[in-house]
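To start, the structure under review is shown below, and the notes come after it.
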């Protein structure tokens, strides 16, 4: 019997993924990662629901404590980034370094198993011509999570199964109901786990970063107002600035060194290109010449035509066919060829 370790958060997606594999004849081992320190309500409730699911399916359930790893790679990563004036994207970092990597390692070393599965909405295929595993969008485009998975290595993709990749979300809930899963009607998480457990990103950051008042200025240096910390702002932000102006103003720069928030009109926050670092080439090997693709600079942004120009040291330059609004340092840029994820990386700060 084929053995697979299924990552269980206690939600309907991971529960259904486990149930599907169980009914397909896999020997399923449920695995829940204990992520957050303190009274992280989402984790404790998720652990209970995951344990209940495994009892219902008659499969073993294990909990692995990786709170220190989560603290280092996610909490500290976020706090350091925001304090430096960038807006980090924790999800892709978490998937690679906290979830998939440790899950595969634990499965291989502790459970003698070389396959894992999760409830993510994405697909994986193998290209025999290139010898590479390809990451593809999910069938349900509205639930597609490939943007957050671009940083998975070939080794991790080879070890992973996405049972929900071919399903619509409505199908997932229908299957969960048919299997009689207790999580079938469980509401979806609406935000980052850290945000849900703290109430807001601002509340989370306030636990680690003290208020630090400074000036909100325009591009000439004129003081327009005050702020209580650059970490409370993000590029492209318009609301919540607390300043009056004849025309709409947006955050165009976060000058953490001088503790200033710089604002300007919409043209000042629209860019024709950007540089991306920590690039991971997924479905294709790194090209030696520029390629044309479609890029997403945010999770829900519309894919836009782009020229991807390879640079040294795992970096690329993205030149957009049309200038893009609110390109945010710290967020991921992920480029596609149709449904295929070609590569992605982290947007650098503008010099």
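Positions of Cβ are set from backbone N, Cα and C atoms, glycine also.
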Considering the ATP binding residues 7, 8, 9, 10, 11, 12, 13, 14, 119 given in Swiss-Prot, which of 33, 89, 136 is annotated for that site as well? 33
If the ATP binders are 7, 8, 9, 10, 11, 12, 13, 14, 33, 119 per the record, what's the largest distance between their Cα atoms, in Å? 16
Which one of the binding-site residues (7, 11) has its C-beta surrounded by the most other C-beta atoms within 10 angstroms? 7
On the three-state reduction of DSSP, what should I expect for residue 9 (ATP binding site)? coil
Round to a whole number and give the Cα-to-Cα distance in Å for the pair residue 120 (site 'Interaction with tRNA') and residue 13 (ATP binding site). 7
Chain-internal residues near residue 9 (ATP binding site), provided their CB is under 8 angstroms and they sit 6+ positions away: 32, 46, 50, 119
